[in-house]
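Visitor: Dumping what Swiss-Prot says about this protein:
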DOMAIN    2-68  domain 'LCN-type CS-alpha/beta'
DISULFID  C12-C67  disulfide bond
DISULFID  C16-C40  disulfide bond
DISULFID  C22-C50  disulfide bond
DISULFID  C26-C52  disulfide bond
Amino acid sequence: VRDAYIAQNYNCVYHCGRDAYCNELCSKNGAKSRTRGGYCHWFGPHGDACWCIDLPNNVPIKVEGKCHRK
């Protein structure tokens, strides 16, 4: 398990505006707990993104490099 920005397809983060959205998303993907599985966290000049706590290794995370949307 690891703490990380959860990623969509093509190495893209889930942008957010509130902790509740991220906590639900992270928890549904197996993060630490229903009460605090994740939160909306600063992601640099690109805005805020969902940060997950103790996310399982089989769930994609943001890695170095650009988001490559099709």
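Count begins at 1; order follows the chain as displayed.
Including glycine, each Cβ sits where the backbone N, Cα and C put it.
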Visitor: Closest to C50 (disulfide bond): which of the disulfide-bonded residues C12, C26, C40, C67, going by Cα position?
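Guide: That would be C40, the closest of C12, C26, C40, C67 to C50 (disulfide bond).
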Visitor: Which ones, of the disulfide-bonded residues C22, C26, C52, C67, have a Cα no more than 10 Å from the Cα of C16 (disulfide bond)?
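Guide: So far as Cα distances go, the disulfide-bonded residues lying within 10 Å of C16 (disulfide bond) are C22.
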Visitor: Return one of helix, strand or coil for C67 (disulfide bond), based on DSSP.
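Guide: In three-state terms, C67 (disulfide bond) counts as coil.
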Visitor: Going by Cα-Cα distance, pick out whichever of the disulfide-bonded residues C12, C40, C67 is nearest to C26 (disulfide bond).
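Guide: Comparing Cα positions, the candidate nearest C26 (disulfide bond) turns out to be C40.
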Visitor: Counting across all protein chains present, how many other Cβ atoms fall within 10 Å of the Cβ of C26 (disulfide bond)?
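Guide: C26 (disulfide bond): 27 neighbouring Cβ atoms within 10 Å.
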Visitor: Please work out the number of neighbouring Cβ atoms within 10 Å of the Cβ of C12 (disulfide bond), leaving out its own Cβ.
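Guide: 16, counting other Cβ atoms within 10 Å of C12 (disulfide bond).
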Visitor: With every protein chain in view, what's the tally of Cβ atoms within 10 Å of the Cβ of C22 (disulfide bond), excluding that atom itself?
Guide: 26
Visitor: Taking each of the disulfide-bonded residues C16, C40, C52, C67 in turn and counting other Cβ atoms within 10 Å of its Cβ, which one has the fewest?
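Guide: Comparing Cβ neighbours within 10 Å for the disulfide-bonded residues C16, C40, C52, C67, C67 has the fewest.
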Visitor: Write down the Cα-Cα distance for C22 (disulfide bond) and C40 (disulfide bond), rounded and given in Å.
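Guide: Answer for this pair: 6 Å between alpha carbons.
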